[in-house]
Amino acid sequence: MKIRFTKMHGQGNDFVVIDAVRQSVSLDREQVRRIADRHFGVGCDQLLVVEPPTTAGNDFRYRIWNSDGGEVEQCGNGSRCFVRFVLDQGLTTKTEIRVETASGVIVPRLESTGQVTVDMGAPRLAPAQVPFDAAEERVTYPLVVDGVTLEVSVLSMGNPHAVQVVDDVDRAPVTTQGPRIENHPAFPKRVNAGFMQVVSRDAIRLRVWERGAGETLACGTGACAAVVSGIRRGLLDSRVRVTTRGGPLSILWPGPGHAVMMTGDAVRVFDGEIEL
Ligand SMILES: N[C@H](CCC[C@H](N)C(=O)O)C(=O)O
């Protein structure tokens, strides 16, 4: 099976994007892992597949797989690349599109600046919506990891996030503690682990150990989750510049019941074809 793809990234979080509107694509877990493999395949953090919508009124459906082969509910940086992709490929002429994902409809919009703003929907704060094993909803929760009690915010942006505040992200134990949090038994579907350094009330630095992908250079839903948790902790105002290792993201959250708005780049790197 030959598959045409486009390699893209959003702040260094990189993707293989496949048009399944005009080509027939059916991938199993091993084929996804092969495409994502940085030695035996193309290499990416996530694989994104563009499909026709399943519901009238929506423009596309968008499916997301982590490099470990697991299909997931949402990808913030990927949603920005999605807009750039469908416009570049001539799949639409709309600059604001309604996209079905496994966790609901999101609305990315191409700005005149070339950046993309995405309405990521409202954060889900109830533990059962994450899912997370906790008796009640709290701003932060104690989480014991290797005998150390962490104070984490836990929420869903369609996908699960556990965010802690650290003094210096460059010295945070992202690659050692991250996988321990990702696989903690309190998260039945595992979790993305965020490490947030508060620089000021409108600026943070962020590193994320992603579920199913490891540390990425940026995580869009992770940036949304970090800002929501910082606002709920009383540490941040509603508009925050998030500095990731791959570049900046702008996040706006007016507060409970409102959607989180994310703005950032979407870059096409090259087109290719892979034989599976
Ligand atoms: N690893 C995530 C999916 C990709 C999210 C990230 N790349 C983003 O930009 O939001 C998860 O398993 O929920």
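Cβ coordinates come from backbone N, Cα and C, glycine included.
All annotation found in TrEMBL is predicted automatically rather than curated by experts.
Taking Cβ-Cβ distances under 8 Å and a sequence gap of 6 or more within the same chain, the neighbours of Thr221 (substrate binding site) are Gln74, Cys75, Gly76, Met120, Met157, Gly158, Asn159, His161, Asn192. Thr221 (substrate binding site) falls within a helix when secondary structure is assigned with DSSP. The feature substrate binding site is assigned by TrEMBL to Asn13, Gln46, Asn66, Gly76, Asn77, Asn159, Asn192, Glu210, Arg211, Gly220, Thr221.
In the three-state DSSP scheme, Cys75 (active site) is classed as coil. TrEMBL lists Cys75 with the feature active site.
All protein chains considered, the CB of Cys75 (active site) has 32 other CB atoms within 10 Å. Positions annotated as active site, proton donor by TrEMBL: Cys75.
Marked as active site, proton acceptor by TrEMBL: Cys219. A 10 Å cutoff on Cβ-Cβ distances gives Cys219 (active site, proton acceptor) a total of 35 other Cβ atoms nearby, all chains included.
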Cα separation, Cys219 (active site, proton acceptor) to Arg211 (substrate binding site) (Å, whole number): 11
Cα separation, Cys219 (active site, proton acceptor) to Asn13 (substrate binding site) (Å, whole number): 7
Rounded Cα-Cα span from Asn66 (substrate binding site) to Cys219 (active site, proton acceptor), Å: 12
Reduced DSSP assignment, Asn13 (substrate binding site): strand
Largest inter-residue Cα distance among Asn13, Gln46, Asn66, Gly76, Asn77, Asn159, Asn192, Glu210, Arg211, Gly220, Thr221 [record-listed substrate binders, Å]: 16
